[in-house]
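Novice: These came from Swiss-Prot, pasted as-is:
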TOPO_DOM  1-679  topological domain 'Cytoplasmic'
DOMAIN    35-265  domain 'GB1/RHD3-type G'
BINDING   GLY45, SER46, GLN47, SER48, SER49, GLY50, LYS51, SER52  GTP binding site
TRANSMEM  680-700  transmembrane segment
TRANSMEM  704-724  transmembrane segment
TOPO_DOM  725-783  topological domain 'Cytoplasmic'
REGION    752-783  region 'Disordered'
Amino acid sequence: MGETEEAIQLINEEKEFNSSTLQYFQKCVKERDVGVDYHVISVFGSQSSGKSTLLNALFHTQFDTMNAKVKRQQTTKGIWLGHTTRIATLENSLTPVKDLFVLDVEGSDGAERGEDQDFERKAALFAIAISEVLIVNMWEQQVGLYQGNNMALLKTVFEVNLSLFGHQNDHKVLLLFVIRDHVGVTPLSSLQETLEAELNAIWSDLAKPEGCENSSLYDFFDLKFTALAHKVLQPDLFMENVKELGNKFSSETPGKSFFKPEYHHNLPLDGWTMYAGNCWNQIETNKDLDLPTQQILVAKFKTEEISNQALALLLENYPVDLHCRELSDLAGKLQELKSLCLQEYDTYASRYAKPVYMDNRRDLSHKIENKFKETISKFLDVQKEDLLSQVEKDLTERSRSTPFVTKMKEARKKAFDAFEELLLQFTKLELVASLSDENEAFSIALDEACSNQSRKQLKQSVNRISKSVSSGIKEDIFFLLAHPELDLWDKVMEKFNEIVSDSTERYAVDDEKFDFQVGLSEEENQKVYKKVRSNAWTNLYEFVHGYLNEDNVVSILRDRFENKFRYDEHDSPRLWRNEEEIDNAFRVAKEHALEVLNVLSLASNSDHVEIVPDVPLSSGLDDEELEGEYEDEEGIYHEKGFAHILTASQRERAVQKFKRQANTTVIEAKRSIIRTTTHIPLYVYALLVVLGWNEFMIVIRNPLFVTLLVILSVTAYFVHKLNLWAPILALVNSAVSETKALARNKLKVILDDDSSSSSKASKEPTEEYEMQDLAKSSTTGTG
């Protein structure tokens with residue numbers, strides 16, 4: 001083709017689509033963001049009819065052209081793509097326009113291909129499928145011919161285009177018929193009428209697919225006609241006609257421009273590239289262009305092949321990770337995929353024998369359903385979790401007005417209805433035939449979730465009752481045990497039954513019948529009530545046996561003894577006059593205290609019948625029973641039960657401790673009598689008054705003493721009145737502290753001086769004598 005810097009071969013002679021088309025677009029537009037602001041134009045016509053020459057003159061492209069002086073032969077092979085932003089107009093030969101991509105299609109009816117019309121048909125169909133404007137280039141003398149003006153080819157192209165793209169009713173293509181070498185003898189209007197009549201006749205004879213029976217040519221195409229003078233004989237007029245044609249392409253005024261919004265595919269360049277490639281692949285693999293009507297013997301093979309292609313298309317477009325939280329989104333996507341697949345199948349397979357076509361269609365639908373079930377199951381798993389979480393949330397919300405069993409029934413029905421509605425949406429849209437397995441699985445999961453929440457609610461109710469019973473025991477029964485009477489256990493059991501009854505009152509249905517409102521049967525409710533009473537008796541057992549230990553029993557006896565010993569029947573403190581009175585009170589108080597020892601040691605009613613729980617008790621640790629026989633470390637068996645509180649040895653030790661403390665109390669009482677009987681006699685005070693009267697009168701009669709006494713009294717009064725004791729005491733303390741510090745320092749100085757004198761004395765030199773000198777002096781003296 002010569003220089004091809006500004007054009008690439010979009011489809012080569014081997015019918016292969018150029019994979020570097022997108023890079024070519026990027027090279028053309030560079031860094032500009034073109035978006036959808038571009039147009040695509042194709043030219044179609046007989047070989048050597050001047051198509052490339054027209055494009056070069058009109059759009060300033062550089063497509064190779066034929067040198068007629070040398071030889072008339074095929075110049076354009078395949079489909080070539082060029083780019084321009086300049087167009088020839090009457091005003092300017094280089095008028096700037098939007099990006100135009102021009103397709104130069106290999107000419108039809110060429111000697112090189114002979115009777116092989118497969119490529120020219122596919123090329124024409126491809127040009128119609130991807131272009132906004134298709135220029136049909138023909139000579140004036142070809143008008144009225146059937147083969148010469150490509151009407152037979154246009155019929156085939158129209159038919160296949162209608163079957164493949166008939167559903168795109170919102171898209172049109174402009175067919176611009178350019179009549180070349182128009183000498184003006186036959187008016188353009190006459191040529192236009194002839195061509196329109198031929199096109200309408202072709203359209204009416206088409207085998208239209210379902211849904212397009214009543215469609216017309218103008219539903220899919222707009223028709224425009226123009227004429228160009230002879231390029232060689234009338235070159236100036238030819239260029240003028242070309243520029244007039246350029247005005248229509250460059251104009252942006254509605255009604256005058258060749259471009260309309262409905263012509264555009266509304267795809268960015270990269271999207272258009274993909275679209276063009278897909279269109280060519282679809283056209284290239286559409287074997288119906290070259291095959292006659294299929295026989296019934298091959299119908300099954302063809303429909304199966306088309307079915308596999310349709311399923312492959314679905315799998316190709318199926319998202320790898322399809323996660324939709326909304327039902328409408330998922331259903332819409334799946335419905336779109338199914339429609340795409342079945343439409344692909346129906347488009348091609350419906351042309352074959354209907355029974356075979358329908359059988360394979362049902363098989364294809366079943367395969368689609370199996371694929372959809374995988375995605376729907378994942379979606380339903382997410383919805384199950386959400387619904388079960390909502391059930392749990394509804395059941396955990398506190399509501400005093402609505403019983404739990406009512407909430408559970410309502411929540412279960414709400415969740416089950418919501419899930420069934422989800423399933424109904426999928427089946428109603430015919431995405432799947434049935435989802436009974438998923439429905440059954442959700443019902444089981446829902447029952448399990450409700451059962452779990454029921455157990456939790458029951459556990460909370462039992463714990464709440466146990467806490468209420470435990471609180472009542474600690475408050476009410478503690479007081480009874482701390483202040484025991486002979487009918488202690490009658491009162492304890494009465495209070496205990498009252499506490500249990502109050503705690504379970506809201507669940508009582510009838511006498512000895514209870515409903516814990518979690519959906520249990522009558523028998524199960526009775527078992528729960530038995531468990532509640534067992535917990536209550538266990539709490540009472542642990543509290544009684546924990547409180548009435550040996551030390552606490554001694555304290556209770558001591559308190560009971562002291563209340564009787566120290567206070568009279570009017571709760572007034574006793575004033576002892578003699579030891580006999582103390583001894584009598586001691587005897588009575590001791591008997592009063594010890595009379596409840598048996599009561600505190602053994603739990604029995606006023607009829608002396610041991611108290612036995614009406615349900616078995618357990619400690620909660622491996623169901624260890626709190627009652628019955630047990631073996632101690634020495635291998636001796638003992639009876640363990642609710643009524644047995646203190647053993648005989650514990651009672652004996654408690655009595656000994658109590659007597660020891662009671663004796664101490666008596667001794668203190670007797671000592672108080674001794675202190676009151678050894679006080680100073682009254683006559684001593686009388687003697688002090690008589691003998692000291694004179695001294696008292698001396699003080700009273702001395703004015704100095706009286707004045708000093710008055711001053712001190714007045715001073716003390718005002719100090720007290722003004723609340724000055726604190727400052728005075730602080731001042732006195734400060735003065736005393738300073739005095740002490742000063743005296744301490746003086747004493748330290750004196751001691752330091754004495755120490756220094758002693759040191760100096762010890763350091764004075766002393767006269768030393770040798771033993772020989774002493775001997776000499778001794779001898780001298782003797783002589």
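The backbone N, Cα and C atoms fix where each Cβ goes, glycine too.
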Novice: Can you list, in sequence order, the residues of the same chain other than GLY45, SER46, GLN47, SER48, SER49, GLY50, LYS51, SER52 whose CB lies within 8 Å of the CB centroid of the GTP site?
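Specialist: Leaving out the recorded residues gives GLY107, ASN137.
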Novice: Are there residues at least six beyond either end of the transmembrane segment (680-700) with Cβ under 8 Å to its Cβ atoms? List them, or say none.
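Specialist: Result: 706.
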Novice: Compile a sequence-ordered list of residues in the same chain as SER49 (GTP binding site), six or more apart from it, whose Cβ lies below 8 A from its Cβ; state 'none' when nothing qualifies.
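Specialist: Counting only residues 6 or more apart in sequence, the Cβ neighbours of SER49 (GTP binding site) under 8 Å are GLY107, ASN137, MET138, TRP139, ARG180.
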Novice: Got a sec? Which of these binding-site residues, SER46, GLN47, SER52, has the most Cβ atoms within 10 Å?
Specialist: SER52
Novice: Measure from the Cβ of LYS51 (GTP binding site) and count the other Cβ atoms within 10 Å, all protein chains considered.
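Specialist: I get 28 for this one.
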Novice: Look up SER46 (GTP binding site) in the DSSP assignment and reduce it to helix, strand or coil.
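Specialist: Going by the DSSP assignment, SER46 (GTP binding site) falls within a strand, counted as strand.
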